[in-house]
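The compositional bias 'Low complexity' annotation in Swiss-Prot covers 147-158, 168-181. According to Swiss-Prot, the compositional bias 'Polar residues' annotation covers 186-205, 220-239. According to Swiss-Prot, the feature disulfide bond maps to Cys37-Cys107, an assignment based on sequence analysis. The N-linked glycosylation site annotation in Swiss-Prot covers Asn96 and rests on sequence analysis. Under the heading O-linked glycosylation site, Swiss-Prot lists Thr143, Thr155, Thr161, Thr195, Thr199, Thr201, Thr207, Ser208, Ser213, Ser214, Ser222, Thr223 (among others), citing sequence analysis as support. Here Swiss-Prot flags 146-239 as region 'Disordered'. If you look up Swiss-Prot, you'll see 19-247 marked as topological domain 'Extracellular', on the strength of sequence analysis. Residues annotated as topological domain 'Cytoplasmic' in Swiss-Prot, with sequence analysis given as evidence: 269-332. The transmembrane segment annotation in Swiss-Prot covers 248-268 and rests on sequence analysis.
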Amino acid sequence: MRLLVLLWGCLLLPGYEALEGPEEISGFEGDTVSLQCTYREELRDHRKYWCRKGGILFSRCSGTIYAEEEGQETMKGRVSIRDSRQELSLIVTLWNLTLQDAGEYWCGVEKRGPDESLLISLFVFPGPCCPPSPSPTFQPLATTRLQPKAKAQQTQPPGLTSPGLYPAATTAKQGKTGAEAPPLPGTSQYGHERTSQYTGTSPHPATSPPAGSSRPPMQLDSTSAEDTSPALSSGSSKPRVSIPMVRILAPVLVLLSLLSAAGLIAFCSHLLLWRKEAQQATETQRNEKFCLSRLTAEEKEAPSQAPEGDVISMPPLHTSEEELGFSKFVSA
């Protein structure tokens with residue numbers, strides 16, 4: 001168990017704080033956003049890249065862009081990438097965002113073994129490409145007619161009237177030395193006047209924002225995009241540390257392989273032990289058969305040799321003289 005814990009730690013610790021950067025970046029449709037991924041000193045000379053995350057079951061890169069040498073900017077479509085090795089950072093800029101650009105991207109560094117990578121989410125909000133231009137339409141409420149030998153003044157649009165008063169119009173100069181008519185109360189003496197039929201309302205309600213809420217138009221040019229976009233992207237994001245999915249799944253795969261190897265070793269040892277016991281059993285049976293056949297052969301040979309071998313030599317009898325005399329008397 002301790003060995004597995006050490007192995008797990010060895011697999012996870014090498015990728016810790018290898019890459020740092022924003023977790024999320026966002027922008028409106030048509031904007032330009034820029035982000036910065038910082039890496040460690042030992043990854044200075046390694047190759048950096050930017051790609052979009054794809055795949056369903058297994059993650060893969062699509063549309064990969066590799067950074068060139070020190071300070072050189074590489075562009076592919078609407079994406080540019082630059083490796084600043086002095087600052088240990090990889091700068092990525094996305095131009096003219098579209099709704100299809102929203103998704104997850106990898107900021108990665110190639111190295112021996114699994115690559116160091118950082119997952120970044122891009123959010124694109126719909127918005128107009130340019131601010132709405134006002135198109136005022138003026139409708140004069142009064143007209144003037146020209147008098148003979150008189151310079152008529154151009155008809156001016158109605159002026160702004162006080163709340164609750166009717167709109168008023170200025171009259172033309174009549175005659176060569178005619179006196180100018182005094183302005184009516186509530187009217188303005190300047191040209192290009194506007195009128196409002198209701199108090200507190202705007203002459204263009206379609207283009208005026210509602211009370212209490214206003215959204216300034218956003219315009220980003222090519223010179224100020226790099227300065228304003230990092231502030232926009234970094235305002236709602238914070239640096240984080242990303243651990244690749246491969247490093248998370250690697251300990252599980254190693255554990256499964258160790259368990260399968262242990263099971264295979266136990267099965268093989270059990271199989272060898274069973275085979276050894278079977279061999280010993282066969283040898284024991286073979287020895288028993290051999291001993292039994294030998295005993296039967298010896299038993300068969302024993303009766304044929306028994307009459308000759310069973311003769312017992314008796315020692316000679318010593319008879320006394322009395323017994324000899326008695327035997328002679330009986331025989332006589």
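Glycine residues also receive a Cβ, built from the backbone N, Cα and C atoms like all the rest.
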Between Cys37 (disulfide bond) and Asn96 (N-linked glycosylation site): CA-CA distance (Å): 21
Within the predicted model, mean pLDDT of the topological domain 'Cytoplasmic' (269-332): 71
Three-state secondary structure, Asn96 (N-linked glycosylation site) (per DSSP): coil
Nonlocal residues around Cys107 (disulfide bond), in sequence order (Cβ under 8 Å, 6 or more apart): Leu19, Gly21, Leu35, Cys37, Lys48, Trp50, Leu90, Val92, Ser117, Leu118, Ile120
Fewest other C-beta atoms within 10 angstroms, as judged across Cys37, Asn96, which are the recorded positions: Asn96
